[in-house]
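*Asks:* I'd like to ask you about the structure that follows.
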């Protein structure tokens, strides 16, 4: 496609930009006349289009269509629209375009019709007190809606008002506010209010104002000071952990700031450290308190020297000054104090067995109130055994009853009592003291021989010894070791007997020559190790038995006595009584069995038709009793020919697993005329069955060895006479009572 050559536009149809001032009040105002070079018969029709004509805002511009004059119909505002671009058209009467459309630009000329505006009404800034001149604090800025390329928007800043000091200055072009001179002191003036101005036309035009508020930040440039040089306070004695009073200070620095907080120190007047001082975080005052109880009788007043300073050091630029000092006078007020036991607990020692009424100690308290005349009284507050009595005025403690040992009221040999001391003030006060009494052991008991009897073999050497022991009711060191010896009053005993020490509580009695069997009474002398030692002569009953090869007693009675030699006399009597009762019951049982056998022989057949019971019950089953339905019919014993024997012999339930198969049951007699004989035969078969022992068979246990510290149980029967007892019937009870028959038959 070939490019068309640019068409030449006639100069009359080219319209240069048209300038018009904003806020033009002579309306309508001719702006320009446009004209086409192509005049047609009948004339040319002109028109314009664009913003202000047929686009928003409408009606601002218009054109005379025949003459081509363009008019301004309304005032213009450059701040709303600084220029308008329109299009002009030329047409003939038939509506045919005579000229190409041309541009019509209308420029709105600015006028100084807008004041400057600050971005905010109040500007805020901060600067530390004492800042050097030239320290910038903040920047204020304003805007102007006028044309920025003209002086209408050229702004200049100034400070209209800031007080007489003139501490700040402002940059006229940038609006930056800085310190102008030294001497900013928050304690003198903490806030500065500046009135700043912005003016256009380089400061000669329209103006506006705003407020700049400058706060001075505090630094620690003022030390704290006491409000007065002396303070007086009062506190009760014996009070601890309480506040006495306050010392007041003043600090010009900002309250609550780190440079305002005070720190107090007690420099003099409190060598014992009875006082402490702390800072009240809300008021910054010093609070004096007592940390140790004070005693009016020891010291009734204190004079303290207290200093104060800030927790943070002063700024280096601040001149150094000495710490502030104040004198605090504290008076200790006297109050009633409780009595005091200077020795608490009080420990004393008393011999056991001290008789009643014996003074053992004087336990008194002292009254700290030396400036008050008071009387103390005493009483026993705790005396669990009721052993003591106390003088209420002198505080003398006496025994009320004999002090015994041992006692459930003693703890490790000590008896604890509490003593109450009370003054007569109003109200009265009391104190408690602990009285610890050690009950000293007295050697008032001789050792006792334990056991007092024994059995030994009468042959010297193996088996011819007996171990002797002793006990003592006294506590160490008045007890063991014990000394055993034959009575010096019977020197002939040393021919056949000897005693050798075994340990601290036992000795060994030995025979020196062959001794015949029988009882012997040996007088022994036993002595303890107390101070002074106590001794006592006692009899030792010794039974000499028949000796076996291994040195043990062969006699059954003496062997039984040996088992009981180590028991007490009371236990021996209990065993003896139980044995006699057992023998009596055994005799009664044997007599009853005899009577039943005789009655069974005489009347069993005669009363066979009139049996008291119809069945023999099978108690070998779970249940049993009168109502057992699985019982055996006794007619089977009377008429065995009517019944068929079982195919297999019944197994005995008491047979051990290792036993063999039991023997088959016996064949019933053809004529059961004597059922007693039948039953006796069955009993004999059961007794002679080698496979299983019956339940009532005497069991034989393993031999557990010989030789015992205790005496044999045979001493039980050695001290009894059985001439009045008849035990011959024991031999009639069968082989199971054969051993008992040998002992007593």
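Placement of Cβ uses the backbone N, Cα and C atoms for every residue, glycine included.
Bear in mind that TrEMBL entries carry predicted annotations, made automatically and left uncurated.
Sequence annotations record features per position, and here TrEMBL assigns domain 'Cadherin' to 12-118, 119-226, 236-341, 342-449, 464-554. TrEMBL lists 569-591 with the feature transmembrane segment. The region 'Disordered' annotation in TrEMBL covers 643-675.
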*Asks:* Short question: most Cβ pairs under 8 Å with the domain 'Cadherin' (342-449), which of 12-118, 119-226, 464-554?
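*Replies:* Going through each listed stretch, the top one turns out to be 464-554.
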*Asks:* Please spell out the DSSP helix, strand and coil residue counts for the domain 'Cadherin' (119-226).
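*Replies:* Once the DSSP states are binned, the domain 'Cadherin' (119-226) shows 6 helix, 48 strand, 54 coil.
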*Asks:* So, by DSSP, how many helix, strand and coil residues make up the domain 'Cadherin' (342-449)?
*Replies:* 0 helix, 47 strand, 61 coil
